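Novice: Take a look at what Swiss-Prot says about it:
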| type | residues | note |
| --- | --- | --- |
| BINDING | 98, 102, 296, 350, 353, 355 | heme b binding site |
């Protein structure tokens, strides 16, 4: 990319943003100025789409294919189990293999299954609120961690008592998708992958002899039908688990952080719980847990709005910045759950790689926000937050809260 950046004339006047800098902030004036100057910017890793219309368009553009495999090469992830998993992860695939495996992975996220799981989600939310400690506590460990883990156990047919193990295995595995070449992280991810696959193989073998009405059984049936092999079987179950857990976990934590900054918005939900779905959409717009929501690579030479994109160029869509685009969102820099935004969030990407768990994530977020706001006073920050800053999932790993006086 760096060589192309110096030789492609149409890039000469594009702004440059280094989002790999530890001190970088998506909310900085520098980023807003870059978006006003151009719809796209140069970065150390890729071209970065900053405006909503172009990000929405290019996330679905067939001239761009999944860029994840190229990113693995770019950051220099060494040969081994971590690299193997990342390049075989569903979001790394394109074409016939992607369509075949994605078709199987959609089973837990069909409208029928989402409707069927809603009572479980609602009752789980209420039970978790009942168990919240009094005073100051880490909200992540007591709510965003167990909720999606329990839901994924329910959908995959895993014992509910395994939720903590399942969630932590997902966290360890997802570190690999952060595209780090740090040896300590790679060792941790490799160990986590080993534990993850040990757990999944045991669950899969059980479903081979005792099938049920769950996703693991559905995928095992496809294995018996010869649609996928043993390696694809366990990798696909792992993909669904990671996709269904990690982003929901951090998005829930980000929602509470947002409402701690805007307690008046919390009170509006308390007074009118029917605002919860719209509040979730505003959270997704304001603080998407995937700031860079789609990573693509140009499969051919083409041009967009005067910018030439040569074959092989990585192109990233930045949901965080696009969601503050004043061309699309009125009062874009104001968090307001009462405003019905005309443009939908692009937090879940678009095109063939649109996030599988979108409907499930929205369900969990809506049920959680509605119940928490109805039963509790607005959240207040009660200590130092531990933030995760990476190319993939971002948000609080630890969020000390108290639900104080309204």
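Every residue, even glycine, has its Cβ placed from backbone N, Cα and C.
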Novice: Under a three-state reduction of DSSP output, how is residue 98 (heme b binding site) classified: helix, strand, or coil?
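Specialist: Assignment for residue 98 (heme b binding site) reads helix.
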Novice: Find, among the binding-site residues listed as 296, 355, the one whose Cβ has the highest number of other Cβ atoms within 10 Å in the structure shown.
Specialist: 296
Novice: Please report the number of other Cβ atoms within 10 Å of the Cβ of residue 98 (heme b binding site).
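Specialist: So the number of other Cβ atoms within 10 Å of residue 98 (heme b binding site) is 17.
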Novice: Around the C-beta of residue 102 (heme b binding site), how many further C-beta atoms are within 10 angstroms, looking at every protein chain?
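Specialist: I count 18 other Cβ atoms within 10 Å of it.
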